[in-house]
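Engineer: Below you will find the structure I want to go over with you.
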Amino acid sequence: MIIDTTEIETINSFSKLESLKEVYGIIWMLVPILTLVLGITIGVLVIVWLEREISAGIQQRIGPEYAGPLGILQALADGTKLLFKENLIPSTGDPRLFSIGPSIAVISIFLSYSVIPFGDHLVLADLSIGVFLWIAISSVAPVGLLMSGYGSNNKYSFLGGLRAAAQSISYEIPLALCVLSISLLSNSSSTVDIVEAQSKYGFLGWNLWRQPIGFIVFLISSLAECERLPFDLPEAEEELVAGYQTEYSGIKFGLFYIASYLNLLVSSLFVTVLYLGGWNLSIPYIFVPELFGINKRGKVFGTLIGIFITLAKTYLFLFIPIATRWTLPRLRMDQLLNLGWKFLLPISLGNLLLTTSSQLLSL
């Protein structure tokens, strides 16, 4: 039997080519994910710097100024310091729950970014249930906080975890009802479709003007979900030392620190997408590339402008939660629960009823 070596070489080269295609396919699939993670990380560093500068301005003092120009690298310096600190585990706690809790809190928030459109056709996963996927994923984060509080075997930590779970349940429902009203108004639950539905009449087409009640409820509920003042009861320093973070140190404490700012950024991005027109320039009858005198070949420039508009709206909105931190006093736990169940829930239900009625009458 004579074996043709050329055929064997052809088969081997073909198999190598197929394996290379698979490797390139995996790499190409990971590129947008890694790009999104890098962008989110830079965005969080910018938020930390902005909060410190705005807080310093409100308190009439000088903010960070030594780590980099204008103190822009201060957050990076703090993160590096936490990396080199020792990770302590309570001797009487549950080490598995203690270690898994911070990871669940961070990963669940990271997944929420997958459905956020940063520009036209610039979204990691354009799903038909995008906004409700965010609601579902954000409900997982308090489970990690409760696990952290229970695994610490500390009364302050456990009470902080219970507060985080109760607060999340109380404000998740009004938040979901506001999102449902937006979905009914836009006839879609896709984040991309919701942005495009607001693009017809410039800034007059924003859902902010069509859903003012829902916007206020969404704003208050998102602040409570982010555990920002005046809703920071799960980690109230005067009562619970640091809440569920009391026993944490090093990188695990840093994960909670990152999670709080990740949650703040994702909430602001969803406010931009749901109520402020997303990536649209919001000037009627003007398309971004045409405004800057470029033709359809300038899609890259148009995409960059869309990203810039989205981030500009997001960071301008961030002034509200940062200012409320130094303006409003902390609520009591009974006041927080009463606000969620007795005020925001009926108001959001009434807003949903009004939206449904208006949509039925317009048919």
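Easy rule for this one: first residue shown is 1, then count along the chain.
Cβ coordinates are placed from backbone N, Cα and C, and glycine is handled just like the others.
These came from Swiss-Prot, pasted as-is:
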type     : residues : note
TRANSMEM : 30-50    : transmembrane segment
TRANSMEM : 98-118   : transmembrane segment
TRANSMEM : 127-147  : transmembrane segment
TRANSMEM : 165-185  : transmembrane segment
TRANSMEM : 248-268  : transmembrane segment
TRANSMEM : 269-289  : transmembrane segment
TRANSMEM : 300-320  : transmembrane segment
TRANSMEM : 336-356  : transmembrane segment
Engineer: Relative to the transmembrane segment (248-268), which of 98-118, 127-147, 165-185 accounts for the most Cβ pairs at distances under 8 Å?
Structural biologist: 98-118
Engineer: Quick check: do the transmembrane segment (165-185) and the transmembrane segment (127-147) share at least 3 Cβ pairs under 8 Å, counting only pairs 6+ apart in sequence?
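Structural biologist: Yes; at least 3 Cβ pairs under 8 Å.
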